[in-house]
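Undergrad: Per TrEMBL, active site is recorded for Cys247, His326, His410, His414, His443, Asn447. What TrEMBL records for 103-392 is domain 'FAE'. Summarising the annotation, TrEMBL assigns domain 'Beta-ketoacyl-[acyl-carrier-protein] synthase III C-terminal' to 409-489. Residues annotated as transmembrane segment in TrEMBL: 44-65, 86-105.
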Amino acid sequence: MNQGGVATTNGGSGSGSVGVQIHQSRRLPDFLQSVNLKYVKLGYHYLISNLLTLCFIPLIAVISIEASQMNLDDLRQLWVHLQYNLASIIICSAILVFGLTVYIMTRPRPVYLVNYSCYRAPDHLKAPYGRFMDHSKLTGDFDESSLEFQRKILERSGLGEETYVPKAMHNIPPTPSMAAAREEAEEVMFGALDILFHNTNVKPKDIGILVVNCSLFNPTPSLSAMIVNKYKLRGNIRSFNLGGMGCSAGVIAVDLAKDMLQVHRNTYAVVVSTENITQNWYFGNKKSMLIPNCLFRVGGSAVLLSNKSKDRRRAKYKLIHVVRTHRGADDKAFRCVYQEQDDAGKTGVSLSKDLMAIAGGALKTNITTLGPLVLPISEQLLFFTTLVVKKLFNAGIKPYIPDFKLAFDHFCIHAGGRAVIDELEKNLQLLPIHVEASRMTLHRFGNTSSSSIWYELAYIEAKGRMRKRNRVWQIAFGSGFKCNSAVWEALRNVKSSSNGPWEDCIDMYPVKINT
């Protein structure tokens with residue numbers, strides 16, 4: 001018998017006939033078991049995405065064949081025909097030129113992200129679990145039940161031992177004064193801006209638009225005025241100060257800066273995102289108001305945006321889409337993150353037990369709007385077909401969840417807490433590597449509110465994963481209740497900037513987080 005499983009034997013009659021016996025050495029593979037269906041789906045995606053191109057190929061081929069068969073007489077007749085229709089050609093050309101001019105003048109100006117920076121506090125402000133709990137006991141404001149509650153939240157939060165709390169919270173007793181709050185704001189904002197100006201070589205006088213967002217601390221003069229005063233920004237700067245808008249305000253600030261850059265030509269915009277903890281620590285015993293104490297930590301970011309065409313060469317990203325969703329018309333959504341006083345008159349931010357369900361509803365609305373803008377046509381067709389079948393035939397099939405991994409290469413999910421990241425990973429069917437930046441940011445820096453999405457982007461860059469034309473989805477949730485998305489496209493292979501937040505620790509990550 002040969003290796004192929006075919007044996008030949010002589011017939012016993014001596015007639016010279018040859019009998020062939022085939023032995024099946026192996027079975028044909030089970031197609032459904034051997035073919036990974038994700039590759040079938042990927043092939044379908046490529047087919048549908050390039051369907052228009054594939055349809056044009058036969059047309060181009062026919063035109064090419066016809067053109068190759070034309071001789072000089074055919075070309076002469078075509079020229080004569082065009083001469084007799086000169087007026088029509090001029091009119092069509094004029095309409096074409098006019099249309100192109102209107103399109104060029106009215107299309108949105110591209111917005112480039114030149115660079116950004118994230119603040120990292122000094123080591124003496126670190127708050128490991130043990131120190132955090134010791135200080136909580138020594139304040140004398142928390143009963144045993146509240147202390148135990150905080151301990152459990154810390155253990156399950158996903159935060160590591162190296163997050164930061166402001167200087168005033170390290171004092172015994174804490175000293176949450178207005179002066180201390182201003183000091184925290186200055187250290188964070190000026191620290192991030194110093195790095196930004198150093199890395200970009202942009203002079204403060206060149207900044208034409210300034211947007212600052214901080215939800216809970218809004219002094220007079222404003223935070224934006226503090227920046228104008230510190231860096232001596234020009235007198236005609238368009239400055240804005242956004243307050244009370246929660247952890248999603250960073251995307252809102254980018255959207256506002258983008259709109260301003262559509263109006264004002266040839267200028268720079270700076271977006272500063274932070275939160276202030278000093279005057280917003282809760283010293284009561286209401287469980288729902290103690291959670292922010294355990295999750296929120298010191299942090300801030302500064303982002304330089306430009307509408308100058310020359311900046312495309314050095315910019316890191318181009319802004320593609322911003323989609324904002326506001327569920328404030330619903331009373332439950334409006335009150336699910338609510339600043340108030342407890343029965344003892346102590347102020348804090350209360351988190352509703354319905355928070356995750358409300359966040360899920362806001363996310364659904366947001367991605368319903370975002371999906372058609374970013375998803376390939378293959379995913380849109382699958383979603384639409386499933387929806388039609390379910391509606392018309394009342395079929396008991398589950399709604400199709402679009403595969404956002406086909407639209408985005410990287411995900412920056414607001415590091416609001418471990419539960420938020422877990423739910424988005426599950427509901428969007430993401431892989432662990434897609435939420436790695438969010439989990440590690442939560443572990444290393446805690447919930448830094450609206451700036452967390454920039455620490456996550458810095459993590460991806462520090463890992464060397466950002467490639468040219470990669471798309472990034474930044475998604476954040478905030479009080480109100482809001483869910484906001486920003487989509488960026490990398491203009492080059494992006495490397496981490498100097499003085500980045502992960503500069504001396506990226507090799508230690510990712511770390512295993514206890515469940």
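Cβ coordinates come from backbone N, Cα and C, glycine included.
All TrEMBL annotations are machine predictions without curation.
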Undergrad: Find, for the listed active-site residues His326, His410, His414, His443, the residue with the lowest Cβ contact count at a 10 Å cut-off, counting only other Cβ atoms.
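TA: It is His326 that, of the active-site residues His326, His410, His414, His443, has the fewest other Cβ atoms within 10 Å.
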Undergrad: Could you state the CA-to-CA distance between Asn447 (active site) and Cys247 (active site) to the nearest Å?
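TA: On Cα coordinates alone, these residues lie 9 Å apart.
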Undergrad: When DSSP states are grouped into helix, strand and coil, how many residues of the domain 'Beta-ketoacyl-[acyl-carrier-protein] synthase III C-terminal' (409-489) land in each?
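TA: So the domain 'Beta-ketoacyl-[acyl-carrier-protein] synthase III C-terminal' (409-489) is made up of 37 helix, 21 strand, 23 coil.
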Undergrad: Could you measure between His414 (active site) and Cys247 (active site) for me? Cα positions, answer in whole angstrom.
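TA: That separation, Cα to Cα, works out to 8 Å.
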Undergrad: For Cys247 (active site), what residues in its own chain, 6 or more apart in sequence, show a Cβ-Cβ distance under 8 Å?
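TA: Those within reach of Cys247 (active site), by Cβ under 8 Å and sequence separation of 6 or more, are Ser215, Glu275, His414, Gly416, Asn447, Ser449, Ser450, Ser452, Ala476, Phe477, Gly478, Ser479.
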Undergrad: Can you grab the distance from His326 (active site) over to His410 (active site)? Cα atoms, rounded to a whole Å.
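TA: His326 (active site) and His410 (active site) have their Cα atoms 24 Å apart.
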